[in-house]
Amino acid sequence: MLGRSLLTWVLAAAVTCAQAQQVPPWTEDCRKSTYPPSGPTYRGPVPWYTINLDLPPYKRWHELLAHKAPVLRTLVNSISNLVNAFVPSGKIMQMVDEKLPGLIGSIPGPFGEEMRGIADVTGIPLGEIISFNIFYELFTMCTSIITEDGKGHLLHGRNMDFGIFLGWNINNNTWVVTEELKPLTVNLDFQRNNKTVFKATSFAGYVGMLTGFKPGLLSLTLNERFSLNGGYLGILEWMFGKKNAQWVGFITRSVLENSTSYEEAKNILTKTKITAPAYFILGGNQSGEGCVITRERKESLDVYELDPKHGRWYVVQTNYDRWKNTLFLDDRRTPAKKCLNHTTQKNLSFATIYDVLSTKPVLNKLTVFTTLIDVTKDQFESHLRDCPDPCIGW
């Protein structure tokens, strides 16, 4: 059923989206006065949990997953059903359950032990917890923004769009996995010695990070980058014994936890070999400290930085290289830039960034949450989102 409904949706969307991306009601004038969040595009707040880094890795996630185990099981079952819909023999999930646990020892610390602890506390097979974590390396469709006002103050915003082609619910026009991720969305305060090391918004059960900040120092978001030399190849290489690259979610978390400066973080994100192509959107705490790092798995292709002295007071990154045209079915870059230009540099705030991220198609059916970050003021907030019809699928 999932496979058939997905195929129907893809065929229909390919026809309609080509015409709809730049046509009302799928797009709209730049939104205003959407903040503080309310109304039909606001699903609700994201709950906070503390992750104690002083605990052994095996135990760090037990308290959180004791609350979230039922919804995590629901999502893992949905992913299994989707896989089985495309490979009815069940051999893919059999391989996940039988082969992946044997690779846990090759996952770098502390991530392997954290996954083992999550599997035990939830009762979900370890292989499926590992695959759940791999899953985030491959399906992240996002919009990230860094801005700088006339006084050199930086803001960082992002829409987390996730779940493309992962089951379409024809009864309510939503992506199955996107909707099931919303109750799994959590704000995390990672602490050591009862003091915050970094904060992040993530999904319960995932030990990497995609969105976070280190108070007073830096902010970091991760967007997927589509490439022929893509994440599937990197994951397969890792599974077959080539372990010289880091998972992108792991390197993001490591930078948030351990980096001591914007420049150090930029150097790590630019030079470290990674399993999947990606965009790292990195912000600092001083004028000009904001960039988009475009990565292949083994090298950096481009570092595009804020340059306010020459009029570049924002950077916008979706899922396409900045020097290339976006796919005509999926242009979130143009409306985001249009709305930022309409906002103007002198009016930058959490409210106006949220307005930009609330404007269709920047906001779309894949949007799980919106995050706003002010590094220097130690402000970090995330909000669950909805995109009621009429709304584009991505």
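Placement of Cβ uses the backbone N, Cα and C atoms for every residue, glycine included.
When the candidates CYS339, CYS387 are compared with Swiss-Prot, only one is recorded as disulfide-bonded to CYS391, and it is CYS387.
In summary, of the candidate residues ASN172, ASN341, the record from Swiss-Prot lists N-linked glycosylation site for ASN341, whereas the others have no such entry there. The N-linked glycosylation site entry in Swiss-Prot, when matched to the candidates ASN258, ASN347, corresponds to ASN258. Cα spacing between ASN258 (N-linked glycosylation site) and ASP161 (site 'Important for catalytic activity'): 27 Å, rounded to the nearest whole number. Listed in sequence order, THR143, THR318, THR326, PRO361, VAL362, ASN364 are the same-chain residues at least 6 apart in sequence whose CB falls under 8 Å from the CB of ARG332 (site 'Important for catalytic activity'). According to DSSP, CYS142 (active site, nucleophile) is assigned to a strand segment. By the criterion of other Cβ atoms within 10 Å of the residue's own Cβ, the least surrounded of the recorded positions CYS142, CYS387, CYS391 is CYS391.
Following the DSSP three-state reduction, the secondary structure of ASP161 (site 'Important for catalytic activity') is strand. The closest partner of ASN194 (N-linked glycosylation site) among the recorded positions, by CA position, is ASN285; the full candidate set was CYS142, ASP161, ASN285, ASN319, CYS387. Cα distances from CYS387 (disulfide bond) to the recorded positions CYS142, ASN285, ASN319, ASN341 are smallest for CYS142.
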